Amino acid sequence: MAGKNQTLGEFIIENQDSFKYTSGELSRLINSIRLAAKVVNHEVNKAGLVDITGAAGDINIQGEDQQKLDVYANDKFIQTLTKRNIVCGIASEEEDDFVAINSQDENNQNKYVVLIDPLDGSSNIDVNVSVGTIFSIFRRVTPAGTPVKLEDFLQKGSKQVAAGYVVYGTSTMLVYTTGDGVNGFTLNPAIGTFYLSHPNMTFPEDGNIYSVNEGNYLDFPLGIKKYIKYCQEEEGDRPYTSRYIGSLVSDFHRNMIKGGIYMYPKGSRNPNGKLRLLYECNPMAFLAEQANGKASDGYVRTMDVEPTELHQRVPFICGSRNMVDKAEEFMREFGE
Ligand code: AHM
Ligand code: MG
């Protein structure tokens, strides 16, 4: 039985059998993400010391090049997943193309691919504001033991077998789903162990927080402009509160706990929105739906959007079910 003293390691083992493919491969994969998250967390927590230890591009005290944290996080996740030989391919927001991992080797029966945004919201690092890692896991569609192909990564979000994020915040949390609800684990930094702190996380059906970069207001579709005005109107439980961190993981995390909506619509500067379907929107959409929330591009369910390229961008509206329904109503009525 899941209890609040349970560690992430124990939780993964205990829940392995409830997952429909029970080879243990997915459990090992999530364990590797847990490990890489701890390594990245350690580095992110030292970010403020950059003036003392040297800026990115400098040589550090051990004679190594200082890396930008997003590059560091990318390397750590890829290294961990590669060395432990548990995936056949990785696509990352930081890489132009996907990375195949021994996938041509016929002895390699690994069936999962991982898509990852290693350090999302990294512009927040310099000012000591939370950032996150987002991951999405699919079973490959091509046969095991053959070279992994683009089609293994360009799958609809509804095919995800697991997704999650790590938020490096006032405390560090790993939140994930394997399609059976959403659970959150908080890192005890003193002993490096994640504990189940937020079992069965769910979005409240209604909320009173809206999160959007209102600096882009004039550029937004009419439906979104009208919805924002609706959020600001004095009527019933409105006006809502505006909260925007500019770090998707943190905005999502707060909205899931308190009830709210996150929006990154399209505009002339970002004709398809800013966020990436495969690395940001799909995993967050899977988590949202598993937590009784909702995610769409304003018209179509995010997880039903057919991907056409690795770095594809889509408009993204995500959060409490009734709030997303309302925003969609405005999009249908007023459109672009
Ligand atoms: P990034 O992948 O370059 O870090 O960009 C993604 C981030 C999201 O975390 C955040 O919600 C959004 O960009 C903020 O964008 P903006 O500064 O345009 O509001
Ligand atoms: Mg990102």
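Cβ atoms here come from the backbone N, Cα and C positions, even for glycine.
Positions annotated as domain 'Fructose-1-6-bisphosphatase class I N-terminal' by TrEMBL: 7-199.
Under the heading Mg(2+) 1 binding site, TrEMBL lists GLU93, ASP117, LEU119. Same-chain residues at least 6 positions away in sequence with a Cβ under 8 Å from that of LEU119 (Mg(2+) 1 binding site) are, in sequence order, VAL40, VAL44, LEU69, ASP70, ALA73, ASN74, ILE125, VAL131, GLY132, THR133.
Feature annotation from TrEMBL assigns Mg(2+) 2 binding site to ASP117, ASP120, GLU280. Contacts of ASP120 (Mg(2+) 2 binding site) defined by a Cβ separation under 8 A and a same-chain sequence distance of 6+ are given as GLU93, VAL131, GLY132, THR133, ILE134, SER247, LEU248, VAL249, TYR279, GLU280, in order along the sequence. Annotation note: ASP120 (Mg(2+) 2 binding site) sits in a strand segment as assigned by DSSP.
Residues annotated as substrate binding site in TrEMBL: ASP120, GLY121, SER122, SER123, ASN213, TYR244, LYS274. For GLY121 (substrate binding site), the number of other Cβ atoms no farther than 10 Å from its own Cβ, over all displayed protein chains, is 22.
According to TrEMBL, the feature domain 'Fructose-1-6-bisphosphatase class 1 C-terminal' maps to 204-331.
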Task: binding-site residues near ligand 2 among GLU93, ASP120, LYS274 (Cβ under 6 Å) - done: GLU93, ASP120
Open item on the list: Using a 10 Å cut-off on Cβ-Cβ distances across all protein chains shown, tell me which of the binding-site residues (ASP117, ASN213, LYS274) has the largest neighbour count.
Closed with: ASP117
Open item on the list: If the criterion is a C-beta within less than 6 angstroms of any ligand 1 atom, which of the binding-site residues ASP120, GLY121, ASN213, TYR244 pass it? List them in sequence order.
Closed with: ASP120, GLY121, ASN213
Task: TYR244 (substrate binding site) versus ASP117 (Mg(2+) 1 binding site) - Cα distance in angstrom - done: 20
Task: Counts of helix, strand and coil residues, the domain 'Fructose-1-6-bisphosphatase class 1 C-terminal' (204-331), according to DSSP - done: 56 helix, 26 strand, 46 coil
